[in-house]
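Quick notes on the structure that follows.
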Amino acid sequence: MVKAVAVLGSSEGVTGTIFFTQEGNGPTTVTGSLAGLKPGLHGFHVHALGDTTNGCLSTGAHFNPNNNEHGAPEDENRHAGDLGNVNVGDDGTVSFSITDSQIPLTGPNSIIGRAVVVHADSDDLGKGGHELSKTTGNAGGRVACGIIGLQG
C-alpha cells in the first residue's frame with residue numbers, strides 16, 4: 001500500500017490534513033478534515049504543481065494529464081484532479097472520504113508532489129454555464145492548499 005499526506009494551511013486561517021492511500025493499481029482513497037471554512041460547498045481539486053512559492057496561486061491549473069474539460073468526479077470527461085466539493089458544516093469544519101481512480105499515487109500520472117487545493121466557492125462541476133465552468137468549475141479563489149507528499 002502506498003500512502004501520502006498533505007497538510008493544508010492558509011493566511012485565512014483554514015487548516016486541515018488530508019490522507020491518500022492506494023492498494024496496488026486500485027483506486028485512491030482520500031480522507032481528511034478541514035477547519036476554518038465558511039459553511040457550504042467548496043471546490044476540492046488536485047492541482048498540477050506542488051509549488052507554493054506564491055501561496056496557492058502558484059499551484060497551477062487542475063491536474064489534467066489527458067487534456068479533458070472540467071467535470072464532476074463521476075464524469076468520464078473530466079480533469080483527473082476534479083474531486084468535486086466538500087460540504088462544510090455550520091461550525092466551519094468538514095470530515096470526508098472520497099474514492100477516485102484518476103489520482104494514482106504511483107506511475108506516470110502520480111499525484112505525489114502536486115498540490116491539493118480548497119476553493120472559496122462551490123464547484124459547478126462544469127455544468128454551470130459560466131465562462132469558467134469548463135476550466136475551473138467557477139469555484140472561486142484558492143483558500144487553502146498543501147503539497148501531497150509520500151508517507152511512511
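Every residue, even glycine, has its Cβ placed from backbone N, Cα and C.
Look at Swiss-Prot and you will find His45, His47, His62, His119 tagged as Cu cation binding site. Taking all protein chains in view, 25 other C-beta atoms sit within 10 angstroms of the C-beta of His47 (Cu cation binding site). Secondary structure from DSSP puts His47 (Cu cation binding site) in a beta strand.
Taken residue by residue with DSSP, Asp82 (Zn(2+) binding site) is part of a strand. Here Swiss-Prot flags His62, His70, His79, Asp82 as Zn(2+) binding site, drawing on similarity to another entry.
Swiss-Prot lists 71-81 with the feature compositional bias 'Basic and acidic residues'. Cβ atoms under 8 Å from those of the compositional bias 'Basic and acidic residues' (71-81) belong to residues 45-48, 62-65, 98, 100, 102-103, 109, 111, 114, 125-127 of the same chain, restricted to positions at least 6 beyond its ends.
The disulfide bond feature in Swiss-Prot is assigned to Cys56-Cys145. Packing around Cys56 (disulfide bond) is summarised by its Cβ count: 22 other Cβ atoms lie within 10 angstroms of its Cβ, all protein chains included.
As annotated by Swiss-Prot, region 'Disordered' applies to 62-82.
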Inter-residue C-alpha distance, His62 (Cu cation binding site) and Asp82 (Zn(2+) binding site) (nearest angstrom): 7
Least buried by Cβ count (within 10 Å) of the binding-site residues His62, His70: His62
Lowest local Cβ density among His45, His79, His119, which the record lists as binding-site residues, within 10 Å: His119
Cβ contacts of Cys145 (disulfide bond) (under 8 Å, same chain, 6 or more positions away): Leu8, Ser10, His47, Thr52, Gly55, Cys56, Thr59, Ala115, Val116, Val117, Val118
Packing count at Asp82 (Zn(2+) binding site) (other Cβ atoms within 10 Å of its Cβ): 30
Pairwise CA distance, His79 (Zn(2+) binding site) versus His45 (Cu cation binding site), rounded so that it is a whole Å: 9
